[in-house]
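Structure, as structure tokens:
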């Protein structure tokens, strides 16, 4: 009977020789699931395509507005130069005595021309004649325009884990004395062809309900764990588990920094992985755990390397 259900598209119920009910068989149910999945995928791709095209259209509009403004500025500048040249020409056509008397005026006109010449040079340097539009795609099908891809990252974790220390080590290559973050810090970190906008949110218990306000449009989550504080790993596991149920973070990458690896007796990356149940907790999600020391910077750029490889669509952008 099971083989018949697999081979037939439909199963039929028969009573007194008559077919009175027709229900989908196993094979047809499977086909329906496949059709529904690819229908949703097609709709998602269409929405993403429309969003990507709107980004390009907005860029083109802004570029045209900028070029028109430059054209107007050049027209005004050219008019000013022409006026100054005509004034000089009229002055020089006068007799020698009047030319001598007009020395100050001529000097002023020449200084004006020199300034205008400098303005022309600056405008020429500023205007980009290259009409190409550099387009880059992330693996979540977002389009980015420009030489550097902008990525939104939110850094979370328990208080004292080292989130802010990591942020400022990446930003300024400086060690920052630990100070509890009340609210948030935000910094831009440029790395290779990427520009990370990193939101560092306070990890105190009373601040954690505010984390959700930073999830929108987040492409990667950096979760920092204090490897030297074994007693708080269970608490970190609980917060991470809640985090991974958030709908807005469903497609976000997850980078776990096992911080304070320099401290004697610190949990290893393998121990953190097991205690946080990462293989189970992160099933179906792109994730990576990296041991690090925020004070020295050890391991931080290895984490950014992983994010870079995961974020950029294969073959589109060279992040090396």
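Each Cβ is built from the backbone N, Cα and C atoms, and glycine gets one as well.
Residues or ranges marked as domain 'B-box C-terminal' by TrEMBL: 4-116.
Taken from TrEMBL, the feature GTP binding site applies to 157, 158, 159, 160, 161, 162, 163, 164, 203, 259, 260, 261, 262. Within 10 Å of the C-beta of residue 262 (GTP binding site) there are 15 other C-beta atoms, taking all protein chains into account. Taken residue by residue with DSSP, residue 262 (GTP binding site) is part of neither helix nor strand, so it is coil.
Look at TrEMBL and you will find 164, 181 tagged as Mg(2+) binding site. Of all Cβ atoms in the protein chains displayed, 24 besides its own lie within 10 Å of the Cβ of residue 164 (Mg(2+) binding site). Reduced to three states, the DSSP call for residue 164 (Mg(2+) binding site) is helix.
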Per the record, GTP is bound by 157, 158, 159, 160, 161, 162, 163, 164, 203, 259, 260, 261, 262: how many Å separate the farthest pair of Cα atoms?
22
DSSP, reduced to three states, assigns residue 157 (GTP binding site) to strand
Please report the distance from the Cα of residue 262 (GTP binding site) to the Cα of residue 164 (Mg(2+) binding site), rounded to the nearest angstrom.
17
Model confidence over the domain 'B-box C-terminal' (4-116) (mean pLDDT, whole number):
76
